[in-house]
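Visitor: What TrEMBL records for this protein is below:
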- 42-327: domain 'G-protein coupled receptors family 1 profile' (DOMAIN)
- 27-51: transmembrane segment (TRANSMEM)
- 63-86: transmembrane segment (TRANSMEM)
- 106-132: transmembrane segment (TRANSMEM)
- 152-169: transmembrane segment (TRANSMEM)
- 211-240: transmembrane segment (TRANSMEM)
- 268-294: transmembrane segment (TRANSMEM)
- 306-327: transmembrane segment (TRANSMEM)
Amino acid sequence: MEENEMGLPPLIYDVPPSFNTALARNLYGVVAPIIVILTILNNIMVIITVYSDLPKKGSASRIQHAAIACCNSLFGVVQLPVYFYFFAGQTFPANVPKAWCGAFRILGFVLPHIIHTISLWQFVGLSIQRFLVFRFPFSCVSWYNIRNMTKLVKIITCACVLVNIYKLFDFELIDLDKSLVLNGTTYSIGETLPCRAEYRFTDGRDGYILFWSWFIALSVHILPGVILTMMYMLLVYAICRNNRRRQNLSRNSRNGRRLARNQTLKECSVLVMMTMCLVVEIPSAVILVKRFIFTKDDVTSGDDEIIFTHFFLLLSYYFYVYIYIVMNNDFRRSFLSFLRKCQPTQLRDAIELRVMSTDV
């Protein structure tokens, strides 16, 4: 089955000679769990900061940032059992035990694929919303509010789930009780090949696989990548236009120039996040289409390029929060205020007393 077309870590029913087991163990058994845990901790603080500050001065776009943070965290959470049990296990690269066969497919591929699709299209929605707000700041007043952005997040989430949820039910686990010849190699079932999943239907299976492969390529890689690239160029134009207008208005005010610079930097944060997203998604799309058109390799072969693209997707999620903190002055102040509130009372009192004694 074509699990790698979901853009996730490679599932191995049979380990081919070309598979780099040492690389997979180091990245997915050691580094990936650490990155996922750190990403979860970062995004928890981001979500708490967003929702604690939202009633006072939070903008509606923070709803979308919070939704993206939730998706990025869930993407890693559902895969942690796969990382710990299989890639970090002592028996790797032994095949998946039969008892874990269905769980491996659902936790390692289907659920992360759905979550990744939601996150990517939330990003598309954020980029379109940001362009409209930057380019038409007065006409967007009627629709740019927290309630409408919450509705948009829910609509995108529901649409992505409904389109992909059938992948939870389109396969069945096959009970094989004799030797099997696969890719020219004979396997003893229950020892070297205990896990095998196949589509529930046989008629039209090749057509279904072809449709599914190109559907994933178009809906998860090519179409979002094209839209994000177009919105990137439009956002650059809108941000430059806004910056020139602010510079002209604040020409004779030092404080005005500082505020204009902070606002431009805040607007550019979405460009940096989009750059990181495109740097990961475009190579994934190129590799996927190349394998469809120019090669006849089994998509579960686990080439190094696939292993790296999946890993860099996880790594990019970790840096989103730091981009937002560094480039968004309002969010940075709210985030630091939240961290100060989390300090123990005695520590805060000691700091205040030290400051008072210094002043005296």
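Using N, Cα and C of the backbone, Cβ positions are placed for all residues, glycine too.
Heads up, TrEMBL stuff is auto-annotated, nobody curated it.
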Visitor: Does the transmembrane segment (27-51) make contact with the transmembrane segment (268-294) through 3 or more Cβ pairs under 8 Å, each pair 6 or more apart in sequence?
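Guide: Contact between the transmembrane segment (27-51) and the transmembrane segment (268-294): absent.
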Visitor: Below 8 Å between Cβ atoms, which of the listed ranges 152-169, 211-240, 268-294 makes the most pairs with the transmembrane segment (306-327)?
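Guide: Comparing 152-169, 211-240, 268-294: 268-294 has the most Cβ pairs near the transmembrane segment (306-327).
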Visitor: Average the per-residue pLDDT over the domain 'G-protein coupled receptors family 1 profile' (42-327) and send me the rounded value.
Guide: 79
Visitor: Determine which recorded stretch among 63-86, 152-169, 211-240 has the most C-beta pairs below 8 angstroms with the transmembrane segment (106-132).
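Guide: Going through each listed stretch, the top one turns out to be 63-86.
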Visitor: State the non-local partners of the transmembrane segment (152-169) in its own chain: residues 6+ outside its ends, Cβ under 8 Å from one of its Cβ atoms.
Guide: 63-64, 67, 106, 110, 113-114, 117-118, 121-122, 125, 129, 200, 219
